[in-house]
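Notes to accompany the following structure.
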Amino acid sequence: MSSSSSSNSPCAACKFLRRKCMPGCIFAPYFPPEEPQKFINVHKIFGASNVTKLLNELLPHQREDAVNSLAYEAEARMKDPVYGCVGAISFLQREVQRLQNELDAANADLIRYACNEIAPIGLSAAPLPIPTTQQQRPSGNVGGGSYGRSNSSGGGSFYQNPNFVLPYFTHPWSTHNNSDQRGGGAAGDDDDDQGSM
């Protein structure tokens with residue numbers, strides 16, 4: 001019952017124009033009776049005759065998209081008579097640009113944070129600097145003693161650790177020479193004594 005009544009009711013365009021809606025009405029598929037404001041906006045902005053002419057020039061499968069575009073533009077013009085849908089498009093473009101700038105700033109912060117995290121690791125892996133002070137050259141240890149040369153300009157003098165005593169080895173020729181020297185020395189002393197007497 002309701003379906004038959006809805007099928008017999010005129011479309012929103014014919015109802016607004018106060019004319020009889022014929023079975024082949026070009027507005028009926030796109031302006032149903034339950035959406036009267038849709039046709040009111042389109043008629044106020046573009047005119048019913050212009051919309052009829054436009055729909056007759058298009059193919060049947062293109063008409064629905066054309067009516068939706070006209071309805072969107074008409075609604076935008078009702079809200080913003082100066083810019084219409086261009087104002088909405090401009091607003092969305094500015095929003096996209098703002099979000100893109102925020103995304104670029106966030107990416108820059110992430111890169112900066114990553115660089116700051118990598119820098120200490122690179123510094124820890126770097127070789128340690130060589131100290132500028134001259135290190136003491138290790139000397140040979142013999143029985144707990146150390147030998148070396150002093151840092152004097154004349155080539156240095158040999159020094160011995162006072163805590164270590166060099167072993168003295170007695171050689172045969174060394175003993176013979178010492179005895180001769182001791183004997184010669186004694187003879188010389190006797191001669192001196194006789195001469196004085």
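Note that Cβ sites are derived from N, Cα and C of the backbone, with glycine treated the same way.
Those TrEMBL annotations? Automatic predictions, nothing curated.
Listed features, source TrEMBL:
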- 9-110: domain 'LOB' (DOMAIN)
- 89-116: coiled coil (COILED)
- 127-154: region 'Disordered' (REGION)
- 141-154: compositional bias 'Gly residues' (COMPBIAS)
- 170-197: region 'Disordered' (REGION)
- 188-197: compositional bias 'Acidic residues' (COMPBIAS)
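The domain 'LOB' (9-110): residue composition by secondary structure is 72 helix, 0 strand, 30 coil, according to DSSP. Confidence over the domain 'LOB' (9-110), given as mean pLDDT on the 0 to 100 scale, stands at 92.
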